[in-house]
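What follows is one structure encoded as structure tokens, with my remarks underneath.
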Amino acid sequence: MATKIFKHIQTSVVPLPIENIDTDQIIPARFLKATTRDGFGNNLFRDWRFDENDNPKADFVLNHPTFSGKVLVAGKNFGCGSSREHAAWAISDYGFDAVVSSFFADIFKGNALNNGLLPVQVSDDFLKKIFDAVYADHKAEVEIDLESQTITISSTGEKESFEINPYKKACLINGYDDIDYILSQKGKIEEFELAR
Amino acid sequence: MGQTLFDKIWDAHVVSSSEGFPDILYIDTHFIHEVTSPQAFDGLRQRGLPVFRPKQTVATADHNVPTIDQHLPIKEELSRYQVDMLTKNCKEFGVELYGLGHPYQGIVHVIGPELGITRPGGTYVCGDSHTSTHGAFGAIAFGIGTSQVEQVLATQCLLQSRPKRMKIEVNGKLQKGVGAKDIILYIIAQISAAGGTGYAVEYAGDTIRSLSMEGRMTICNMSIEMGARCGLIAPDETTINYVKGREFAPKGEEWDKAVAYWKTLYSDADASFDEVLSFKAEDIEPMITYGTNPGMGIGVTQHVPETASFEAKEQGSYKKALDYMGLHDDETLLGKPIDYVFIGSCTNSRIEDLRQVAEFVKGKHKADNVTVWVVPGSKQVQQQAIAEGLDKIFDAAGFPLREPGCSACLGMNEDKIPAGKYCVSTSNRNFEGRQGPNSRTFLASPLTAAASAITGVVTDIREFLKEEELV
């Protein structure tokens, strides 16, 4: 089955300079009761975004009138905690195509990659530069190019390269699917089972 | 060059390894539950695929279940629908389900070990980050996302890159009142909530070796709280004796063969680790967390760190955490009034946890300001507790014994801590809203939780134990 493709993006960003954002903040457990993958974006960052009466909290960035864009930029250790893939679904469903941070939790990173949501890990310094740029000009853009594995701050031209597993890179660019790949090796799985 | 325990098990499960690709790793048992599996089964339907090895898949309902009146239909509609969906999916795809009402039902990480499904040398995955628990048996076990649940259902394999290896040694004698939960909270406080990211962590040293299997599970359970891919402990006589005779453990000749193999599962003396850390058991106090990630922990007599002690760029996040918790710089938690005590979760809901708490609270009674919930990890734990009369001790102390499930660990079922209230909890996460919107969690050991329930304030268990010795 084909999966979502990511190649290149140029967009303004949404800054969230908080460290250790865990998946319970991204999507609280009480919203995990759906049995499909759709609609989780409505509850993205639910308890930071809405008060107990479901009114938007004015001080949260997603409710801010001028910050917008297809890239979320967050503090280090983003996505720690639970393995819920619903966190990646919620970010994607809300409309983000990539998350930039100086450090990602393992399981979240894998879940994001499996859903065409690109995790871009940058240095602490570069992360600060993005925050500085976007606070100076809320419409400041970044450009992310997966083929060359680079992220550029459009206004200043400052650029950094990022790492990605070459297999997952090929999957994102071509829309390849893990299950198709493993099933292409089905004979080897059966041989492995017989040899045990 | 010798091999690490982790590499021995990994190598024995590699189906195929190609340059530039993650390894295809064979999974011995796949545990599933109601929350992270429905979309995976849907994926199989869309692809027209069966479950590849249904006999190596085990299901239970734990996250959404109520912990009272389990014989009645689940009241909350969406929870009931999700649990019903699991039943339907298991039936359609031929997967064994230990659902509500089944004598084997319980938290997925409690039932695997107690049924003898989890064994040394195996590979175990589940759509739940606390799958690291099973590593206590000297196994590779880790949490996966729903796309990967679908992958394992479809192929019994998982694409995975080999992580780096870390060894964490703990040596020396623990103080009285300090246990496995304090050890792991101490380690996470030392290396931070991200300190293990990218690593498979092997716990070693004589202090770890001296722990029971249940203590070892508590340690491995929280490996994910420092970001580690998994945690594991080499099997020994303690492990073998625990597995022996359990429902699905190998029997007869197969048992002998298995034990002979398990005895080869240790890190060779000249094995190389990417990182080695050492801690002294004597340095560990009863631990408690004060913040909103499990790395924010201190010895119970210590003070909350000052904001100024952090780097400038970290201070905003730190202040946000203290504000959420209603705490301030340099505050001591000792003596702070609390509202709830939760004893349960895949970290601390096994029979030894319940026995330890029962022994301590026997003849005592909870403080009036505290609500206490004791939630067994499984139906078997509940039955054992009742058979031993622990339920009567709990009742007399004002600690009602409920029915098995994840309960107040994650604010998903009916058991939630109300907004603004403080809960001393034996679970594994103190994230904002984890136990219910705006709830405030202090993570601690079962003994610290029990002592705090009796006094109504955050308490140093060692003070109690000293007094009891004098009597």
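Every residue gets a Cβ built from N, Cα and C, even glycine.
The annotation [4Fe-4S] cluster binding site is assigned in TrEMBL to B:C346, B:C406, B:C409.
Apart from B:C346, B:C406, B:C409, the [4Fe-4S] cluster site neighbourhood in this chain, defined by C-beta within 8 angstroms of the site C-beta centre, holds B:D62, B:H63, B:I107, B:H130, B:G344, B:S345, B:T347, B:S349, B:G405, B:S407, B:L410, B:S427, B:N428. Cβ neighbours within 10 Å of B:C406 ([4Fe-4S] cluster binding site), excluding its own Cβ and spanning all shown chains: 32. Counting other CB atoms no more than 10 Å from each candidate's CB, the binding-site residues B:C346, B:C409 peak at B:C409.
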